[in-house]
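Engineer: Have a look at the structure that comes next, please.
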Amino acid sequence: MNRESFAAGEQLVSPAYVRQGCEARRSHEHLIRLLLEKGKCPEDGWDESTLELFLHELAIMDSNNFLGNCGVGEREGRVASALVARRHYRFIHGIGRSGDISAVQPKAAGSSLLNKITNSLVLDILKLAGVPTVTNCFVVPMATGMSLTLCFLTLRHKRPKAKYIIWPRIDQKSCFKSMITAGFEPVVIENILEGDELRTDLKAVESKVQELGPDSILCVHSTTSCFAPRVPDRVEELAVICANYGIPHIVNNAYGVQSSKCMHLIQQGARVGRIDAFVQSLDKNFMVPVGGAIIAGFNDSFIQEISKMYPGRASASPSLDVLITLLSLGSNGYKKLLKERKEMFSYLSSQLEKLSECYNERLLHTPHNPISLAMTLKTLSEHQDRSVTQLGSMLFTRQVSGARVVPLGSVQAVSGHTFRGFMAHTNNYPCAYLNAAAAVGMKTQDVDLFVKRLDKCLKTVRKEQNKESNASAVENYNKTEDVDIEEMALKLDNVLLDTSQNSS
């Protein structure tokens, strides 16, 4: 209600009570005004009443919610289901215009304001997370793979002769398909083994750039967040190579916002060399439903070019989800989540190391990977690969999600390219292993339950292995016994035959 409404209310209820209610509303409005003025994530999270007031105020600015609206076009924000309308807080028009996802939409001032403030808050969080010099970003209603494709398609207009993308190998299908979908040929650079870690082969990257020629290369496509024993690419060194040869550099930072180490790599890469854009997922970093990503960079005009490349309007759902989440958490709440994630990584590491020792396994030494861990499965793979894959199936049926069991020698074809040792990020990793990650939002009880169930599964697999080994030993023994009896009988027959012939 506005001042006039409150004044009218004083005729019905005690003015003292109405003024008290008016002051309460002003406290909500003060938070909203600060958000719009500063465009930064509030330090402390908002309560739900403030959030709903803010969203309601924005929604009634959209034409589909005007009391006297008369829509005669093909896209007037009509919704058949009231449940769907409530699910979207009555933001029906989406964001952007047909020519630019970041443009203001005349029919939807509220949705446009929501889009602008969301992008501003996300930019603030990226700076807080470790990339202070990032200049621009926008939320796009596509997951990481398609968002990378959008970046590659934007670069196509700048580099019309280019047909290749230099890609240090990461065994994740959407990363590879993002380049294929954009119409480019990935040039796979195999990783090199350093200790237990799989790291970027910088010499191979530079050699391939020289072989193909810089003009024929669209960009280098590097990765920060990944499954151990692969570790983040040497982003700084790659950025220097890109700067030296005048080649764009796109970084897949899928779930790297939650890692200060991954964000530091991007910041340093931009400082010493060249990074054109880095892409991160909304769901993995901000705990919202799948369907959105953030495209960010250090050159404001290039990020704007990418946003204009998106054809048509877009769903506002990812922007709405991350806006609600960040306002609920506040910057202090998000920093707390990042701190807890680091603690959970250390805890998960110590618990897995203890468990691995109980089974004569070991935790792989991958200090450059700040999110993912890997535990060897040598004693299982020595018997047969089936035991390794059986462990993965057992964990999944016991409701352990996210853990990956990687057997040796897996072959996978992706968009016409055959990867050997698929999921291991290299053709021949020395051993089979199991992955687990400490991601944002993980709790101590999650780690404890995982380790408990993994322990039970390992015991079960070991018992089955022992049964099979015993059965095999008995079978071999029986075969040996049969052979011995046959040999003795044959020798006796020969003796009897010799005796009979001598008698004759």
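Each residue, glycine too, has its Cβ placed from N, Cα and C.
The following feature annotations were taken from TrEMBL:
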BINDING   R75  pyridoxal 5'-phosphate binding site
BINDING   R97, S98, Q105, R313  substrate binding site
BINDING   R271, R398, K463  tRNA binding site
MOD_RES   K284  N6-(pyridoxal phosphate)lysine
Engineer: Please work out the number of neighbouring Cβ atoms within 10 Å of the Cβ of K284 (N6-(pyridoxal phosphate)lysine), leaving out its own Cβ.
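Structural biologist: K284 (N6-(pyridoxal phosphate)lysine): 23 neighbouring Cβ atoms within 10 Å.
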Engineer: Nearest to R398 (tRNA binding site) in three-dimensional space, by Cα, is which of the recorded positions R97, S98, Q105, K284, R313?
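Structural biologist: Minimum Cα distance from R398 (tRNA binding site) across R97, S98, Q105, K284, R313 lands on K284.
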Engineer: Determine, to the nearest whole angstrom, how far the Cα atom of K463 (tRNA binding site) is from the Cα atom of K284 (N6-(pyridoxal phosphate)lysine).
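Structural biologist: For K463 (tRNA binding site) versus K284 (N6-(pyridoxal phosphate)lysine), the Cα atoms are 37 Å apart.
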Engineer: TRNA site residues R271, R398, K463: biggest Cα-Cα distance, Å?
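Structural biologist: This binding site's residues have a maximal Cα-Cα distance of 55 Å.
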Engineer: In sequence order, which same-chain residues at least six apart have a C-beta under 8 angstroms from R97 (substrate binding site)?
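Structural biologist: Long-range Cβ contacts: A103, V104, Q105, R313.
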Engineer: Taking only the recorded positions R75, S98, K284, which one has a CA atom nearest to the CA atom of R271 (tRNA binding site)?
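Structural biologist: Spatially nearest to R271 (tRNA binding site) by Cα position is K284.
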Engineer: Run through the Cβ atoms and count how many others sit within 10 Å of the one on R75 (pyridoxal 5'-phosphate binding site).
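Structural biologist: R75 (pyridoxal 5'-phosphate binding site): 12 neighbouring Cβ atoms within 10 Å.
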Engineer: Calculate the distance in Å between the alpha carbons (Cα) of the residue listed as 'N6-(pyridoxal phosphate)lysine' and S98 (substrate binding site), and round it to a whole number.
Structural biologist: 29
Engineer: Give the distance between the Cα atoms of S98 (substrate binding site) and R75 (pyridoxal 5'-phosphate binding site), rounded to the nearest whole Å.
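Structural biologist: About 12 Å separate the Cα atoms of these two residues.
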Engineer: Just to be sure I understand the packing, how many Cβ atoms besides its own are within 10 Å of the Cβ of K463 (tRNA binding site)?
Structural biologist: 10
Engineer: Taking every protein chain in this structure into account, which of the binding-site residues R271, R313 has the most other Cβ atoms within 10 Å of its Cβ?
Structural biologist: R313
Engineer: If you count other C-beta atoms within 10 angstroms, which of the binding-site residues S98, Q105 is the most crowded?
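Structural biologist: Output for this query is Q105.
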Engineer: Report the residues of the chain - excluding R97, S98, Q105, R313 - with C-beta within 8 Å of the mean position of the site's C-beta atoms, for the recorded substrate site, in sequence order.
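Structural biologist: These residues sit around the substrate site: G94, I95, G96, G99, D100, I101, A103, G312.
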